[in-house]
Ligand SMILES: Cc1ncc(C[n+]2csc(CCOP(=O)(O)OP(=O)(O)O)c2C)c(N)n1
Ligand SMILES: Cc1ncc(C[n+]2csc(CCOP(=O)(O)OP(=O)(O)O)c2C)c(N)n1
Ligand SMILES: [Mg+2]
Ligand SMILES: [Mg+2]
């Protein structure tokens, strides 16, 4: 006799299969995480659904990797075990929430029966509360789905994945052990899940487009500024087309870096208030209209809130609302507005001024010494990069230095300027490299990470080796937390770190035969390495210790650090 | 002119100084954590207050270390930075909550001004919500103190530290950057903070004592069972005196291991339901009265809920209530009850039967081969251990194997049987060894950790080396997650791990000159090492790779794993 709970199903499939096939459909190919007894049975379903299991070395690294994967592949999945696993990952997931990265976090948890009985199980707080971790996740997830009733599960999964994509933020899915093999309607899988963005209400959209065009046509020096959410909400084609059509100068913020083709003649550089290059600062100050696309004006993205622009000269286009001067248009999404503006505008009707020229200035920053200074390094990196490279930078000198690196076309830059959790970049590099591999792209993945940050998550190098990934990793060895020194405690011992034999880690983690290691202490050594064909080919994992002075920081960092110290100390 | 906010203070001191002097008074000597710009200024105050800063390699490791430190030193402190730091640590703090460990978690956070202004700062979710992380902590802390108003801060700190001690659970203290140097009343520091446990209401206590004595005197085979909370709530002297005075057999649970002197003739072994040794199981089953002290009947502490004892034969003494058969006495603390029972009882009025003899059975478990089996290892370790050793075991085969290790007198055992977060033991080992050092004790700290678990937190070895600690570390190399294999997926690749050159990590982390490394693959090799004088002296960090078979697990683990797999799969 058929099970009464499943006999009405046309094509019964197990919950785990349904979930994983939907993930595959949404674009996931590799799933990050760490096994635990509450998720083991679910893991058995991965290969059958075309998903590759990446056993990371710990859950935080796995979460960081999922973040990096999603930044390249537009979605990712993370599987952890109840309590211990998910809480180990929570900082990585919070980072994905803060930075708007679509990560599907699946937590294998005790059976619904155990939960109802309030059993005193391992990985619990011992108080019978099985919702406490889900509750923590409500504030860092755009959807929380507890898969407790088979009849609701397919809907819950589809809804969660849709929210994840649309809001570009993590979702949290609680998968109890007894639901893994419960049956849901597999016939639903015949129709792809709808992940398309809803259109704007046409009349409202037209209204906003008209207002935008009015100000744009009237402006004497209009410019475009692309920021984080242009990348996160996937309107880079629109940004590109807008620049082409209007011929206006276009700038990026630090978080918007790589949103724009930097070899384009209209590209004017990185704008971040007072931390910008003088030419850029001047050009932006002179503008009487700034169209920001996906702005996110956080402290580190603005050199400590140092924009000197007026809202009266600003049009802010956001993923779910627009603001023209002080008029707010809630619910009007930038994608539709941008597309119509592009269609209706023409360069000839606009006041177009040339952009500042962005050159990489390697010569200008060469102090004649062999010391690899921050001022010299980052422009130099610009010559090393190739089209379509994926560049990952860590909070610290790297995140500020990269402002001065001019990218070739098609580079994708990953950084965590808002959340700023150190160690993130090592996991993110693994995820990004894997995503490129899953996409079948032969793109290089290049990481710049501080020695301090690297220590937090160093063992994710092991996963890179295990997965056969071939990133180029630069560890900036400057004896500790230089960014912190510039905020407070230049000489303080708490800003020192243990001295490691960094590159020996490659061997410890099993990469001695398959990887290459380098130590670089002078400009000449670096120039030689960066122009070496074998090195550039990036056909194996390459690990570079790059020695730099302890008390040297990029100009933008010095300024931002000062501002931060002031904000921290400020009292009424 | 004096500041109006401080002129009423007799001896104004800075908040950071007040907090740290109170911590010192409570027993903290070393503080774990990772710097961040929101806590840097506070860190400057540590040395002046007699506190040693331990910069851990990441926050989760720091939290685990604080947990281990508190298990030895009875209290510990952890300092992290807002958002990124505290969330990285939260799994470790949740473990301390679950396992009842008193950890003071101090989070350096943005200034009260920045919070009120909802500034878009780094390490925030970008939504102006500065309470979201504190809210997450409410469910894993017994007190949350936001130090926002100078006039309340001294009270808040004293209250938090008191709760931390009394409830033996973490407290969460949010320290905004602008409060670090705010002034509070230093004259309060002239009187020590009251950390003593309140006494029971005498009449109520006497009532419970009478009931306990009545059943105890009537019983034909009474026994004592010491569990986790006897250790956590510090009634080990009472347990000891009760055994001496009554002459009754005493058993421990896995979480209660080391609560009792195992060389005492009354010690009967480890009781955990069906997973117990047959002799122990028989003795406990035959009892008609079990006095449990600090019971915590979780799945892994009871071989999967396999006690066959009746509540009608049970007296449960807890930190804040007692239960005699089915009568509950809320608010009656075990300490007072135990003390009075000890005073009033005498062995002559009780039915005393001898305890089972606990021998270490090394010979009995020797299969004649050179393979280091689980069955042979753990009894063998019993001969290696010395009085007062600190023994840390990790979730995995180690946590179950240690049941079969008979401890010399005064051993302190650390394990995380309820929370069970792998990687914990590496951090905890660092904290425990440091606590012993801070106590001026020359106790050895000995860690047994699985190869899988070690990978999660391996870099805490670096902190041990940096702090000059001298633990003996055994990494059980058995090609992955053996405990998981026994629950599900014996052959599954997700239970495999990357093969590391584990002991080379000692060199990577700067310990090549100061440490010693060993590889052990046979019984003879292990016997030789464990009887080597230099090794036993433990005068430097010693790292041992111990190779064991992949599909071998302690008897108790096999049984518990089966029970867990069943519970996970169970459906109505
Ligand atoms: C998880 C986490 N812990 C602490 C911090 C605080 N923090 C920010 S940057 C930094 C130091 C980074 O040092 P390093 O990676 O060496 O960078 P660099 O020397 O290049 O500045 C620290 C500790 C953080 N951002 N995230
Ligand atoms: C943080 C965390 N992640 C995942 C788990 C699930 N888990 C429990 S034990 C274990 C494997 C431990 O393997 P190992 O340390 O090698 O132990 P052994 O082989 O001795 O059993 C895992 C992955 C956990 N308990 N905690
Ligand atoms: Mg550094
Ligand atoms: Mg193992």
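Just so it is clear, glycine is given a Cβ too, placed from its N, Cα and C backbone atoms.
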Review point. Which single residue out of A:451, A:507 does TrEMBL record at the Mg(2+) site shared with A:478, A:480?
Key: A:451
Review point. Could you give the mean pLDDT over the domain 'Thiamine pyrophosphate enzyme central' (A:210-343), rounded to a whole number?
Key: 97
Review point. How many helix, strand and coil residues does the domain 'Thiamine pyrophosphate enzyme TPP-binding' (A:409-531) contain under DSSP?
Key: 51 helix, 21 strand, 51 coil
Study note, to complete from the structure: Counting every protein chain shown, other Cβ atoms within 10 Å of the Cβ of residue A:478 (Mg(2+) binding site) number 25
Revision key, fill the gap. Note on Mg(2+): the CB centroid of A:451, A:478, A:480 has further same-chain residues inside 8 Å, namely A:450, A:452, A:476, A:477, A:479, A:481, A:482, A:497, A:550
**Study point:** C-beta crowding around residue A:480 (Mg(2+) binding site), within 10 angstroms
**Key:** 23
Check your understanding: What same-chain residues, at least 6 away in sequence, bring their CB to under 8 Å of the CB of residue A:451 (Mg(2+) binding site)?
Key -> A:475, A:476, A:477, A:478, A:479, A:480, A:497, A:500, A:502
Point to revise | Number of helical, extended and coil residues in the domain 'Thiamine pyrophosphate enzyme central' (A:210-343), per DSSP | key: 50 helix, 31 strand, 53 coil
